[in-house]
Every structure is written in C-alpha cells, then in structure tokens.
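Inspection log for the structure reproduced underneath, given as structure tokens.
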Amino acid sequence: MVPHLLLLCLLPLVRATEPHEGRADEQSAEAALAVPNASHFFSWNNYTFSDWQNFVGRRRYGAESQNPTVKALLIVAYSFIIVFSLFGNVLVCHVIFKNQRMHSATSLFIVNLAVADIMITLLNTPFTLVRFVNSTWIFGKGMCHVSRFAQYCSLHVSALTLTAIAVDRHQVIMHPLKPRISITKGVIYIAVIWTMATFFSLPHAICQKLFTFKYSEDIVRSLCLPDFPEPADLFWKYLDLATFILLYILPLLIISVAYARVAKKLWLCNMIGDVTTEQYFALRRKKKKTIKMLMLVVVLFALCWFPLNCYVLLLSSKVIRTNNALYFAFHWFAMSSTCYNPFIYCWLNENFRIELKALLSMCQRPPKPQEDRPPSPVPSFRVAWTEKNDGQRAPLANNLLPTSQLQSGKTDLSSVEPIVTMS
C-alpha cells in the first residue's frame, strides 16, 4: 500500500517539472542543439553526423529536471525500494540456505527470484535515480550497457522463474502422487532460465550509446540512449514487441492458466473421510487463503510491469513521445515489485515464518543445551512434503493414502494443502 501511495504522489509532482512548451524553453533548446557549428556542442570523437541527427530528434529525453522537493521525493521513493528489496531478498536467501529442511527445487526457484531482484536493485535502480535527479549520466560507457542489461535480464529471469514456480505448483496439486522436481533438475532449469534471459537481454544492452553534449556554456552532459542498427526504427519496434510478447504476455498467460486450474482444484476438492464442522471451516479458510495468494502473485506481477512494458512498446512504435515523468513513474512502479516477492513467496508462508523466528531467536540469545530443549510441536517440512533430494517420495507409512482413496482417484486435500503453502 505504501509504494502505491508514493506512486500517486510522485507522478503529478514529477509531471509538474516537465519543461513547458513556452517560447523561452524552445529557444534555449534550439540554441543548444541546432546551431550551425554543432561540433562545439557535441563530442565528435566516436560518432557520425547521423548520430547527431538522431540525438537532436531525442533531445527532450534529457530535459532539465526537478525542483528540490521533487528530488527529495524521488530519493525517498527509490531509497524505500532499495532498502526493503535488499533486506527482504537477502533474508530470503539466508533463511533458505541456512535450513536444510528448506532445500528443494521450489526453494531454488525462490532463491533465483530473490537473486534477480537483488541484481536489478543494485545495478539499475540507483543509477536510474541518479540519472533522473542530475539530468545526466555520470557512470561512464560501461555502466550504460550494464545497467540496461540488468534491467532486462532481471525482468526476464523473474518472469521465467515465476512461470517455473507456477508449473511446479500445478504439477504438485494436479498430480500429487508423482515425484517432485529434484534439486538437480531445478539447477538445470535455473541455468536454462538465465541463458534465455541473457540471450534476450543482450540486444538491449549492446545497442546502447553514450552521447555527450554541451548543455550550456558551463555544463556538459551525457545521455545513455538506445542506438539500434539500421533500419533502427523497425529494429527497435520489433525487438520490443517480441520481448513484450515472449517474456511478458506468454509467461503471464501460462501463470494465469496454471493458477486458475490449481484454484479450481483446491476449491472443488473435498476432504476425504469424516470431518467435524470446525475442521470443515478451517479447511475452507485455508483454501481461500491459498487461492488469494496465488491470485495475488499474478495480479502484482502483471500490474507492476505492465505500465513500463506498455510505455516502452508504444515509444518504440512511435505512438507516443518520450515523457520523463511517465517513464520514471512507471520505472519506479516496476522496481517496487522487488519488494513484494519476499512477502508473497516466503513471509506469507507459515513454515518460513517459523524458520525466520527461530533464526532471529538464535541471534538474540544463545541456544539452550540440546537435552533441555522440548520436542518441537511443529511438524517438519518432510512430514507434509516428503521428497528426497533426487525428487522421489520418501516411503513414510503415515503419509501413504489408503487403498480406497487411491482407487477412487480423489485427492486428499489435507495432504496436498501443506505442499501448496510451503512451495
């Protein structure tokens, strides 16, 4: 809720700082960009006259920006994302790696999602903030490429990892008796995800160029802009269109279908055997909570990234012109998605909260001797989620379904539900 309120405050204030179309602004822009002796205002060391013409056509990209109030608001908004994203995602990785009971393929996917969020938080979000506040790129040519790569690669890794998690949960619920994905296969899937994300991100990273120009008599500025090969307009348009369809729309459709089927299965499944009224309503509450969590995953992923993806697609298609206020508001909103994933996938998980509390209690006080510790009333992960490291089900007699249930083809939701809430 807080990030959404910050976005509502951020957009009108930043929009108010956009340069007006008045005569004075037009004269200053033309004076800086269209004088006969253009070499006085532009670095010609590595560029051609066509580069200069393209740059002039995009001159509004680096408009003078922001009064002190808006700059302060931007710093607070982006700092909020950076702090919460780093804290939440690093904590997720630490808790999972620290606890042997949480080592599984699904946990690997969650860690992979956290790593992608950490990458974009460190390699893109701070640089975008500084660029907007200072109205110039100060990090050099190398980071111009790295920052763009981090943004696209993190987005693609997140989308593909969310898809892998959705498919994994779908298999668990729809086919509860089949073996889970092993850790070895999980590592292979993650390697494939990063390979695909790198392949689709490299064109965006390579086709970046650092333009340097003299903004005024005393100010020299640099801009990190896309610079695609000819025909540049078509290359840019179809690259963004392919990225939007293959790595946003398609994963979102797969996630939606998988979770819709899971939700239907959980909602229609009845607990097998005699149950009391209290047990029935408790099961119903668990069903609703699980369905809400699954739908929240889809909605947040779609909402956070749709504005920025749609804006970039329209911009590359020349349907709209560059607008700093919209771009940075949409960019901030997309970056805020890195704060939600730890809560959705881990902190809403009861078993993860138990592990987190145990970890925090160990940091606050020394552990008691082993013989003084009472047996834990909390069931182990392996009781509800019985799998070996090779993905095979452990032969626990207590977890085997009766023969009548196996022959009926029904799913005992009391054994399936804990798997959903932990994965």
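From the backbone N, Cα and C atoms, a Cβ is placed for every residue, glycine too.
The feature compositional bias 'Polar residues' is assigned by Swiss-Prot to 402-414. The feature disulfide bond is assigned by Swiss-Prot to Cys144-Cys224, with sequence analysis given as support. The N-linked glycosylation site annotation in Swiss-Prot covers Asn37, Asn46, Asn134 and rests on sequence analysis. Per Swiss-Prot, region 'Disordered' is recorded for 402-423. The topological domain 'Extracellular' annotation in Swiss-Prot covers 18-71, 130-145, 209-238, 316-327 and is backed by sequence analysis. Summarising the annotation, Swiss-Prot assigns topological domain 'Cytoplasmic' to 93-107, 168-186, 261-293, 349-423 and lists sequence analysis as the type of evidence. Among the features that Swiss-Prot reports, transmembrane segment is placed at 72-92, 108-129, 146-167, 187-208, 239-260, 294-315, 328-348.
Contact counts against the transmembrane segment (72-92), taken as Cβ pairs under 8 Å, peak for 328-348 among the stretches 146-167, 187-208, 294-315, 328-348. Within the same chain, the residues at least 6 positions away from Cys144 (disulfide bond) whose Cβ sits under 8 Å from its Cβ are Trp137, Gln208, Lys209, Leu210, Cys224, listed in sequence order.
Ranking the recorded positions Asn134, Cys224 by the number of CB atoms within 10 A of their own CB puts Cys224 at the top.
Mapped onto DSSP helix, strand and coil, the topological domain 'Extracellular' (209-238) counts 7 helix, 13 strand, 10 coil. When each of the listed stretches 108-129, 146-167, 239-260, 294-315, 328-348 is scored by C-beta pairs under 8 angstroms to the transmembrane segment (187-208), 146-167 comes out highest.
The transmembrane segment (328-348) shares more Cβ pairs under 8 Å with 294-315 than with any other stretch in the list 108-129, 239-260, 294-315.
The topological domain 'Extracellular' (130-145): residue composition by secondary structure is 11 helix, 0 strand, 5 coil, according to DSSP. Per DSSP, the secondary structure of the topological domain 'Cytoplasmic' (168-186) breaks down as 11 helix, 0 strand, 8 coil. In the predicted model, the topological domain 'Extracellular' (130-145) has a mean pLDDT of 88.
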